[in-house]
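Peer 1: My questions will all concern the structure given below.
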Ligand code: GP9
Ligand code: MN
């Protein structure tokens, strides 16, 4: 028995030595690469995912006879090594890994192309040494006698290893998808993905995403459906004349605040106000207290996308990556037509969320990013709000008027620890938790906002501008629900309450001379910002899917997951239940409500069609030729 096993092992070692060499080399260099990326975290299970990827590659090689198998494995070794070197080079500059979408956009990003030479290190080439050293080994193997394994045996070997690889890979991918929903479709933290499921796994997911999107994009849409979509978009555009053209000639400033949720507004912890400056300033504003974020996997970038386009976020992935080359009908473009100077301010790197490409598509002339601003003080992912907002204020004063400036804060970003460390705000009872750190972080940001508001007032900027402000998305993950409920003293701890009450973000409009201040209870969301601005600034924005919040009587919000409200009924798609907003009781849906649900679903599909089939390109060119 023993000698039989030994024989088998000897046979395997002798005849499949190339497979073992491949496994050893590619596993080792991939692990070294992942450790280089490490930051402060490498998943303990990454080695299993990595082995699974290698098993899949090896399984394919086993379909070939010896020579073909060796050539295939050599090619795979070369490919993985080459991608590691490319990833390392890219990572040095962008602190991120390469994706197919960034390669596609590379032509438009001169900065990378120019600096590849400067970024390469001699040590990177060590990853390629075996590729060179293996050449004589390959030549030696070329002269070996052909493999005796018959096709049937090869197929069995392939299937076994392939299934094993796929199953183990799937387990890793699924665990990550559950831990961070939307991460794999949006690829919003690529190096983290590689540190969890391996470098090969990450690139596999990237390739899968691109293929899935291309298939969606390539499916033809019948002409009648296009006409129908355009008709739906164009119907009911003008909802009223209130506030029409009130902003004409004025500057437009939009302030998107990172992770600002509504529950912190006018709330105290241990007797102190969490956001005293926002609370004070919102008394001078028209404040919408039933406003919801509507983002999907694109998170911050989805909030930006809706605000500037009034189209729904992508069904999977981030619209900012997938549709960056589309023809849009963005707010920036429309204001440009009115001779506005359009720019964005944000203290992170230009490439994050594909902003360097997307801002161009959205009609912004300039992006004041981390690379351009003074980045001496970093909090979390980028420039601290404390130094970012004063820089923004200084720049605003130099801009050609009228201008549209889109300002995006950053410091109060999950997991909140960096900003929390900058304040001694007392969160006794929540210390060291996500909720506690969030309260500190948002208090820190609020303090910086206070200085910013004062600056805007003192410099007279608010006299000639309309300022809109809102939080981009939620701050507290589901897993921290109970602590949030403790903070606010919530008794109804069900899914409905979670969505209806705790997925709101504050939305405020400040008019010159603090006009029109007060609270507006209209149910609305991020999709509605652009149509509201379009009415105020006299813009024609026919291809928007939201509503004008200053003229609509009927509230409504549709969430990307199919949940919706019309201000009376709230449908929670995750549990498929309907609630009466007034009584907070579960209700049986009427026929009209069910029809409404289908209509909302259709709206989401239309939005997907518009983006996947780049329909605005067609609609715009038809419009232009009609007006000529
Ligand atoms: C990054 C910042 C945060 O620049 O906007 O993005 P998020 O992780 O919240 O989507
Ligand atoms: Mn965000």
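Yeah, the Cβs are placed from backbone N, Cα and C, and that goes for glycine too.
Just so you know, TrEMBL annotations never went through curation; they're auto-generated.
Below, the features straight out of TrEMBL:
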ACT_SITE  300  active site
BINDING   258, 300, 472, 473  Mn(2+) binding site
BINDING   413  substrate binding site
DOMAIN    250-538  domain 'Sulfatase N-terminal'
TRANSMEM  20-42  transmembrane segment
TRANSMEM  48-65  transmembrane segment
TRANSMEM  72-91  transmembrane segment
TRANSMEM  125-143  transmembrane segment
TRANSMEM  155-177  transmembrane segment
Peer 1: Take the Cβ of residue 300 (active site) and count every other Cβ within 10 Å, whichever protein chain it belongs to.
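Peer 2: Its Cβ has 24 other Cβ atoms within 10 Å.
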Peer 1: Can you tell me which parts of the same chain pack against the transmembrane segment (48-65), counting only residues 6+ beyond its ends and a CB-CB cutoff under 8 A?
Peer 2: 19, 22-23, 26-27, 30-31, 34, 71-73, 76, 146-147, 149, 154-155, 157-162, 164-169, 171-173, 196-201, 204
Peer 1: Setting 258, 300, 472, 473 aside, what same-chain residues sit with their Cβ within 8 Å of the center of the Cβ atoms that define the Mn(2+) site, listed in sequence order?
Peer 2: 256, 257, 259, 260, 293, 295, 299, 303, 408, 413, 471
Peer 1: Given the recorded positions 258, 300, 473, which one's Cα is the least distant from that of the residue listed as 'substrate binding site'?
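Peer 2: Nearest in space to the residue listed as 'substrate binding site', counting only the recorded positions, is 258.
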Peer 1: Give the nonlocal contacts of the transmembrane segment (125-143) in its own chain as ranges (CB under 8 Å, at least six residues past its ends).
Peer 2: 18, 21, 25, 29, 32-33, 66-67, 70-71, 74, 77-78, 81-82, 84-85, 88
Peer 1: Could you pull out which residues elsewhere in the chain have a CB under 8 Å from any CB of the transmembrane segment (72-91), counting only those six or more residues past its ends?
Peer 2: 18-19, 22, 25-26, 29-30, 33, 36-37, 57-58, 60-61, 64, 97-98, 102, 112, 116, 119-121, 124-125, 127-128, 130-131, 134, 138, 191, 199-200, 203
Peer 1: So if I draw a 10 Å sphere around the Cβ of residue 258 (Mn(2+) binding site), how many other Cβ atoms end up inside it?
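Peer 2: 26, counting other Cβ atoms within 10 Å of residue 258 (Mn(2+) binding site).
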Peer 1: Taking DSSP as the reference, which of helix, strand or coil describes residue 258 (Mn(2+) binding site)?
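Peer 2: Once the DSSP labels are grouped into three classes, residue 258 (Mn(2+) binding site) ends up as coil.
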Peer 1: Work out the three-state DSSP category of the residue listed as 'active site'.
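Peer 2: The residue in question, the residue listed as 'active site', is helix (DSSP, three-state).
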Peer 1: Reported as an integer number of Å, what is the Cα distance between residue 258 (Mn(2+) binding site) and residue 300 (active site)?
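Peer 2: A Cα-Cα distance of 8 Å.
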Peer 1: Can you name the residues of this chain that are 6 or more positions from residue 473 (Mn(2+) binding site) yet have a C-beta less than 8 Å from its C-beta?
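Peer 2: Listed in sequence order, they are 259, 293, 295, 299, 300, 302, 303, 505.
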Peer 1: How does the model score the domain 'Sulfatase N-terminal' (250-538) in terms of mean pLDDT?
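Peer 2: Across the domain 'Sulfatase N-terminal' (250-538), the average pLDDT comes out at 97.
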Peer 1: Suppose we draw a 10 Å sphere around the Cβ of the residue listed as 'substrate binding site'. How many other Cβ atoms does it contain, all chains included?
Peer 2: 22
Peer 1: Have a look around residue 472 (Mn(2+) binding site) and count the other CB atoms within 10 A of its CB, chains all included.
Peer 2: 26
